[in-house]
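Report on the structure given below.
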Amino acid sequence: LTEDEDIQRMLRGSLLRKIKSRRGPRERLFRLQEDGATICFEGRFGRARSQQSFLVMNIEGVREGRQSEGLRKYGADFPERHCFTLVFKGKRKNLDLAARGEEDARHWVQGLTKLMGRLQAMSQSEKLDQYPFWIHGVLQRADSNKDNKMSFREVKSMLRMINIDMDDVYAYKLFKECDRSGNERLEGWELEEFCRRLLRRPELEELFGRYSGEDRVLSAEELRDFLRDQGEDASLRQACALIRTYELNEKARQQDLMMLDGFMMYLLSAAGDILNQEHTKVHQDMSQPLCHYFISSSHNTYLTRNQIGGTSSTEAYVRALMAGCRCVELDCWEGSDGEPIVYHGHTLTSKILFRDVIESIRDYAFKQSPYPVILSLENHCGLEQQATMARHMKAILGDMLLTQPLEGQDPHDLPSPEQLKGKVLVKGKKLPEPWHEPCGVTSLPDPEEEEEEEEEEEEKLQERSSRQAKDASQVAPELSAVVVYCQAVPFPGLPDALRHPRPCEMSSFSERKARKLIKQAGPALVQYNAQQLSRVYPLGLKMNSSNYNPQEMWNAGCQLVALNFQTPGYEMDLNAGRFLGNGRCGYVLKPPCLRSPPGEGTRHLALHVRVITAQQLPKLNREKGSSIVDPFVRVEIHGVPADCSKQQTHHKLNNGFNPRWEETLSFQLRVPELALVRFVVEDYDSTSCNDFVGQFTLPLASMREG
């Protein structure tokens, strides 16, 4: 790509303004580094200046023009075509930028898009080719006197940077073996040799040697034996296909042989991933009624932090939708100038326009998933602004908005995600049919009133004024008309609900009410959830927007288990794991025992996890020069109560670079189809809490053997 005009401009660098507030933004030089993967710019902390950087692979998307909340708010002084936004993965805030000219902005938008596409399409071998760039960067930082030679002291500094606390005697022995010139300095190929030895994977070499024998070359038959022992597709045809895909040496490839490098390439590729790659696409039956699916759901979606003084933002909706969320919440309140607003009522959270939220939903609803989005309206508006809400939804969403039952479908049955592709559904109160009220409005009980009464004392929420309470219990016909399949009603109790199922009605439960129902009448709740939708939400008294364990709600068949997406923690890890399969589309088919209870679960299952090794675990506290992790791995099972358990390896002292455990953890599972497996790496600390290093969660049903 170096010949590309856009990339050349980025390599030369451009002066861009970082737009964060109304204060005049200062120009900074942004430049793409020679590795083609890093962008550097000058940052400021207080009065001090410092060089900052970010990786292209951490960018999720590039938006042209004023397509972010920040640029719409603060970028009016800059021409639309000079502006663009970088959206990052994870929690990092957007970077809103304005170039000096339209051409500059275009080069950066096009160049970044090309680089992102290229990085995504890179093969495993090409990614490994990039490894020297990373090592090169570490070497540059460790070379204190910048003479391009490394003394033993500088090598020790480099080892600390990449999290290796290597024994001095061993490190010096390796240093001397590579110092062929004998001048107590490593340079050029000597340094390369030192790094190559560091980056060896002895555990993979041993595995390779076990199957390849003395000649250190794997034949297709030997590779087939390896695959068979792993419980994978062990045909000779599959072994030959892997050799053709991953072997780097052309002569070996032609003779259907695999060398150590090719074997490592295979194991470290997507083909060696624990996640079944078939499950990265939609692979489940999507033609069943909505109530037969777990649906990724967000609570207080508009918040970027906590629910007392946090910021409300349309960007929070974008992030949730791009993370596969299919049910978002809008707390709607009376705004000035007749415009309804969204915020956490009676708190210091900032306010955003209902209209702006609907525009963001229109733009991002179906980028990550084609399946229906549900707008959960918590309505505190008077009749006039309710009608305005309905008008905005119709005008902005157009044909996306579902306003009528589907043709050829019983209006009293729930359709499937497949039938509702590309549609936005509104969850709210519905006026009774046929329409007889002469004044055009009627009062309805508040579906969440029962919950509010139950928790009123402990939540100590400010009481609403009598006018708001009166207005909130009334529904404008215009708003009622856009509610079709998700009619919010107070919970009638399980006996009544099971006697008279109404699939198009749904109730909401606080986490406490849901737990109470599970404890008192779990099987009946499972049966109820097999016929209609239910939504669970966190207790309102949680000032810090903390979450609850969603697994116990999924065990009872609850579909819309709403969590605070803005609050990281194991609860959101489980949510991400639950919806990791089925192409991350936000809908996961419930197991048969929850769709047609009382059904039998599948056979019991024994799970054995061999924890072998880890590579380059990050240092947690960069302030401590000698801080090296003492890592251990914990494997957790989250499922029905009888299956929940956790086990962990021993910790490895002072080794974040290539700790090796070789320990097997075993679990017995009764209902494997509901189980999630969570791998956690922590830094052991004998005097205080262990520090979190990283985690990965996936459904047991999406885990591959081998």
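Here the Cβ of each residue, glycine as well, is placed from N, Cα and C on the backbone.
Since this is a predicted model, take the numbers as computed values, not measurements.
The compositional bias 'Acidic residues' annotation in TrEMBL covers 446-460.
Marked as compositional bias 'Basic and acidic residues' by TrEMBL: 461-470.
In terms of DSSP secondary structure, the domain 'PH' (8-117) contains 33 helix, 44 strand, 33 coil. TrEMBL lists 8-117 with the feature domain 'PH'.
According to TrEMBL, the domain 'PI-PLC Y-box' annotation covers 479-595.
Within the model, the domain 'C2' (588-706) shows a mean pLDDT value of 89, rounded to a whole number. Marked as domain 'C2' by TrEMBL: 588-706.
If you look up TrEMBL, you'll see 431-473 marked as region 'Disordered'.
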With DSSP as the yardstick, break the domain 'PI-PLC Y-box' (479-595) down into helix, strand and coil residue counts. 49 helix, 23 strand, 45 coil
